[in-house]
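*Asks:* Structure incoming, see below.
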Amino acid sequence: MAKENGFIGSIDQGTTSTRFIIYDHDARPVASHQVEFTQFYPEAGWVEHDPMEILESVKVCIAKALDKATADGHNVDGGLKAIGLTDQRETTVVWSKSTGLPLHKAIVWMDARTSSICRRLEKELSGGRSHFVESCGLPISTYFSAMKLLWLMENVDDVKDAIKKGDAIFGTIDTWLIWNMTGGINGGLHVTDVTNASRTMLMNLKTLSWDQDTLKTLGIPAEILPKIVSNSEVIGEICKGWPIPGIKIAGCLGDQHAAMLGQACRKGEAKSTYGTGAFILLNTGEVPIKSGHGLLTTLAYKLGPQAQTNYALEGSIAIAGAAVQWLRDSLGIIKSASEIEDLAAMVDSTGGVYFVPAFNGLFAPWWREDARGVCIGITRFTNKSHIARAVLESMCFQVKDVLDSMNKDAGEKGSLNNGKGEFLLRVDGGATANNLLMQIQADLMGSPVVRPVDIETTALGAAYAAGLAVGFWKEADIFESGEKAKNSKVFRPAMEEGIRKKKVASWCKAVERTFDLADLSI
């Protein structure tokens, strides 16, 4: 990329933390700040966030990152051209447009409280859990925003009353942040982008607008929904009271779509982001592909109001890095997440132990809300290193399950190979710093894994979207620059095919052991 003065900022609002990163014209991070926030677990299977705490975390991250950039000699004042925003998807907020206050804590994407609503709809609607797939690409599941919104409408009196009074508005985290950053109760913009909207189960994938039949079927009033915009356009300006008033918000994507853009994935290329969960997306180009193997049809990105829409197949895994957090916080096997690599490397195998982290059920490609976690194959020989390695393997097995489904769905309709005839999985996210995890992934797939120099591509993707909208970058800068690829690390498979097949068969047996466990009682 040609050098040019100026910077792009990126808000990365994730499941467990918020970050703000400032990039220069060469897409290099020059400063960043990260803040963790509180996770609430009011009941088994429930996960909530405080929207006000998230809002404050964004303010703090912006201010601190600006201070760091200035302290390091970067002329950010007057040089920040725009900001992009990426967020945890599906997490649902309903708030009062008159007071600006949330009417309930945010219900997080992995929250499973809506299982009874899902079962009810599956029985009532033709096609069962696939009733809405034709229009929105998604099955009926606790995962998506529509079910969370229905729960709030049915169970929270403040939400019911506000809807009756015309005072309630709904949004995912991007909508909540943009509304507050552009004025809040004083004219804040009520918008979302096409990728976040595609995860609500309410947007028609072909028209990219709210699906009126779906709204009618579910009884959701259209007036509480935000306007849908593309991923790369000037949405509005940041209001007074924020560290960067007057700066344009020019890009917005859900986190996994941002990572795909950050990895510059073209048609036929896939990426896997390893975070709290793991999310694998395959860019299928301009035509949505309907999955017959447990995947979701969704958007990849739309880089401008008049730009073509790129679609994707997605496999969403609920628990990946969260299993490592569980080892740390609940079992005390490790003191920090980074310790798991050395602990797992103390043994050459799991010793026959298989761990399936179905804490709140299983997502793609199994879609079993009745599943619960299991750890099998334990003997007196088993020690904590075997458990740690089994946890790492569980992340990789789940990714392989999704990739196998992608190959079945898209193998004939879209290329899954590069010019050398091999499949490459591009990876990103904090957990990919774990070299052992990446080698296990390559071994279990039997294919190379490519890790970029900057593994936090989610924030980079949001920055790219904003930079494109204001002319800071061109698409060629993103999709044709080979500089990042030159420095990528490639992990190649070293496991014998016979061993791989045996391990995969054992994993599938372990997964089956998780089924029908949700109703177990003491």
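Backbone N, Cα and C atoms are what each Cβ position is placed from, and that goes for glycine too.
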*Asks:* For the substrate site, Swiss-Prot lists THR15, ARG89, GLU90, ASP255, GLN256; sort out which one of TYR143, TYR311, TYR354 goes with them.
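*Replies:* Looking through TYR143, TYR311, TYR354, the residue Swiss-Prot assigns to the substrate site is TYR143.
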*Asks:* Which residue among the binding-site residues THR276, ASN434 has the fewest other Cβ atoms within 10 Å of its Cβ, if you could check?
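*Replies:* Candidates: the binding-site residues THR276, ASN434. Fewest Cβ atoms within 10 Å: ASN434.
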*Asks:* Comparing the binding-site residues ARG19, ARG89, which residue's C-beta has the most other C-beta atoms within 10 angstroms in this structure?
*Replies:* ARG89
*Asks:* Whole-number answer please: how many Å between the C-alpha atoms of ALA433 (ATP binding site) and GLN256 (substrate binding site)?
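*Replies:* Answer for this pair: 18 Å between alpha carbons.
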*Asks:* Tell me, by DSSP, whether GLY321 (ATP binding site) is helix, strand or coil?
*Replies:* helix
*Asks:* Would you identify the secondary structure of GLU90 (substrate binding site) according to DSSP, in three states?
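*Replies:* SS state of GLU90 (substrate binding site) = coil.
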*Asks:* Around ALA431 (ATP binding site), how many other CB atoms lie within 10 A of its CB?
*Replies:* 23
